[in-house]
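Engineer: Among the features that Swiss-Prot reports, ATP binding site is placed at ALA175, LYS176, ASN177, GLY178, THR179, GLY180, LYS181, THR182, with the record citing sequence analysis. Taken from Swiss-Prot, the feature compositional bias 'Polar residues' covers 20-31. Positions annotated as compositional bias 'Low complexity' by Swiss-Prot: 43-71. What Swiss-Prot records for 162-332 is domain 'Helicase ATP-binding'. Per Swiss-Prot, the feature phosphothreonine maps to THR237.
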Amino acid sequence: MNNRGRYPPGIGAGRGAFNPNPNYQSRSGYQQHPPPQYVQRGNYAQNHQQQFQQAPSQPHQYQQQQQQQQQWLRRGQIPGGNSNGDAVVEVEKTVQSEVIDPNSEDWKARLKLPAPDTRYRTEDVTATKGNEFEDYFLKRELLMGIYEKGFERPSPIQEESIPIALTGRDILARAKNGTGKTAAFCIPVLEKIDQDNNVIQAVIIVPTRELALQTSQVCKELGKHLKIQVMVTTGGTSLKDDIMRLYQPVHLLVGTPGRILDLTKKGVCVLKDCSVLVMDEADKLLSQEFQPSVEHLISFLPESRQILMFSATFPVTVKDFKDRFLTNPYVINLMDELTLKGITQFYAFVEERQKIHCLNTLFSKLQINQSIIFCNSVNRVELLAKKITELGYSCFYIHAKMLQDHRNRVFHDFRNGACRNLVCTDLFTRGIDIQAVNVVINFDFPKNAETYLHRVGRSGRFGHLGLAVNLITYEDRFNLYRIEQELGTEIKQIPPHIDQAIYCQ
């Protein structure tokens, strides 16, 4: 029998034959030529080779020599180095310098701060009382996360809500879109969590899956120097994975009401020690779609819980909910006007068949960092995205009927700047914070003022400038007038030329 045929190429030239590969060790005792030794360099290699050449013949002597060598290494001396261990000291110093000690005096000077944002900001975020984050006596590790996130000082909503939330009082807060509401409740929640107590101590509920992912990411970034475990759970993802995750320590749970309620009713999510419930976009959570789930979820919380409600709009249903579930709430209202000061709003009268041509003109004339284009139906989203791509512009689309994994990927890629334009339904109007978006286009004009307010609030985030353009058909003209009156804002007719200074600074 031909022995060569038993081995695949590169393994051996038959049993016992010589193989030129220096790393090949024959299993046979009949190897004709010993494999060449590896070539080793440096003092360590020479010392190591000499030790083995001078190895004692007695087994117990060899073991004793090995133990001495291990002890010698454990004392921190590198073989071939100086006996005083200077090299190890240098390595230790290098490692220690990369870790910021929160107890050191110069902790703030050693933070890895992002590049300062020098863009113009409006009074929506600059009209503060002059407080600093350090005035609230927060944990040093939390302050480190706040500054490394790029926050310099509290915005007006943060100045109002953080000290009150830290006292344990219920809050009903109303502030404009894009003025820092997320940090206004994340900071006090992270401050109040005991990281040594491995139970769920706070729950943040939001109406959409994308907002849940965004909020959990903000919590993780702010608390990255704390040992707080943040978990996000939403519908459309694996229930089994969520159940397995809840068997691990979780301090802060972020998610949509339906999924959290489902896990709670199964007995997997235990909320008896949860002292804080945050309702972001509370007006949406109190709509007919979510309110039964929210009220059922509250029944699992202890009587002494704290409830924080944040939104830009509060319908009449909020008053009934407030009277039943909130105890002497502290009311914050920073809505002297509904729309953001930095957003300039225009309308253009067009026929339905002219909308694509008008959109193409806007793309060619405007200085767009990123834009969001809103449609009123799922079908129109996909069709419009296809048309924009055919015009030669990069474009993503997202709507509620897409698979959750696909939605997550689109949201993540658009947020990271992989694409300039996003076509979507009202799924994307709530809380989504993408700082690079400076233009919002209502391809289909919304039916009510609340939807319009949340749509245009996707641009001009955190006091920056933005532009909203509305394509108005003959049937939309009454809606345009009514929304102007309800919001107390002015939507001007679009001029032939738009100055970049009003939306690009």
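Placement of Cβ uses the backbone N, Cα and C atoms for every residue, glycine included.
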Engineer: How many Å separate the Cα atoms of the residue listed as 'phosphothreonine' and LYS181 (ATP binding site)?
Structural biologist: 27
Engineer: Using a 10 Å cut-off, grab the number of neighbouring Cβ atoms around the Cβ of LYS181 (ATP binding site), all chains included.
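Structural biologist: A 10 Å sphere around the Cβ of LYS181 (ATP binding site) contains 25 other Cβ atoms.
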Engineer: Which three-state DSSP class does LYS181 (ATP binding site) fall into?
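Structural biologist: Reduced to three states, the DSSP call for LYS181 (ATP binding site) is helix.
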Engineer: For ALA175 (ATP binding site), just count the other CB atoms lying within 10 A of its CB, please.
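Structural biologist: Around ALA175 (ATP binding site), other Cβ atoms within 10 Å: 23.
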Engineer: Counting across all protein chains shown, how many other Cβ atoms sit within 10 Å of the Cβ of GLY178 (ATP binding site)?
Structural biologist: 26
Engineer: On a simple 10 Å Cβ count over all chains shown, which one of the recorded positions ASN177, THR179, THR182, THR237 is most densely packed?
Structural biologist: ASN177
Engineer: Tell me the coarse DSSP state (helix, strand, coil) of THR237 (phosphothreonine).
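Structural biologist: Its secondary structure by DSSP: coil.
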